[in-house]
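First up is the structure itself, then whatever we jot down about it.
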Amino acid sequence: MTEAVPSSALSEVSLRLLCHDDIDTVKHLCGDWFPIEYPDSWYRDITSNKKFFSLAATYRGDIVGMIVAEIKNRTKIHKEDGDILASSFSVDTQVAYILSLGVVKEFRKHGIGSLLLESLKDHISTTAQDHCKAIYLHVLTTNNTAISFYENRDFKQHHYLPYYYSIRGVLKDGFTYVLYINGGHPPWTILDYIQHLGSALANLSPCSIPHRIYRQAQSLLCSFLPWSSISTKGGIEYSRTM
């Protein structure tokens with residue numbers, strides 16, 4: 001596509017699911033976008049298997065972007081990403097894995113990538129509702145454009161994966177990026193526990209603890225010495241404004 005893309009292109013973009021007839025086009029696009037060679041079975045799966053959410057963005061009939069994702073139980077997360085969610089979440093908790101997200105070069109920076117990502121979120125809210133707690137993906141450590149895209153949309157780097165990719169026989173490093181949704185969160189670290197404890201202590205009045213201890217001691221003493229009259233006026237006083 002050589003013609004200039006108008007700034008209003010997004011208003012002419014339509015969304016539809018990929019189908020078997022799109023295989024050749026999708027192969028060509030993925031060859032342009034990604035350095036990884038996918039087997040033919042992968043293209044058949046993402047265009048035919050209902051377990052994949054495979055959405056195309058089209059402009060005047062041509063595919064100019066697509067997203068492929070799979071919503072699955074947390075038990076099916078690969079070992080290297082097994083700690084994406086805290087162990088407190090049940091085994092039937094779901095996650096969404098983005099296998100692919102790409103936009104034709106001429107149509108980048110027109111909001112199409114964001115539209116596709118938001119469409120995935122809408123799909124999750126409709127099908128998985130609040131059972132899906134995270135959206136995650138893998139990216140080459142050298143793919144700064146993709147990294148900036150996801151970081152600008154609140155994805156956080158979760159893991160560094162050395163030698164994760166094999167590209168034309170050369171091993172390349174990758175990152176796992178995660179966006180937590182619907183209350184999802186990773187396992188707590190020691191720092192998280194310290195911060196939580198600090199937050200809890202910060203909500204306590206610094207003088208409320210000794211004041212409570214004094215009151216409890218006074219009550220206990222009165223129960224043993226009923227003849228004793230202990231006046232708070234002559235005792236210890238604590239300011240409530242400390």
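Please read every residue number as a count from 1 along the shown chain.
Backbone N, Cα and C atoms are what each Cβ position is placed from, and that goes for glycine too.
Looking at the stretches 17-60, 193-236, the one that Swiss-Prot records under the feature intramembrane segment is 193-236. Residues 162-173 are the range that Swiss-Prot records as region 'Required for homodimerization', among 66-77, 138-149, 162-173. Comparing Cβ neighbour counts within 10 Å across the modified residues Lys105, Lys121, the minimum falls on Lys105. If you measure from the Cα atom of Lys156 (N6-acetyllysine) to that of His138 (active site), you get 12 Å. Taking Cβ-Cβ distances under 8 Å and a sequence gap of 6 or more within the same chain, the neighbours of His138 (active site) are Leu161, Tyr164, Gly174, Phe175, Thr176, Tyr177.
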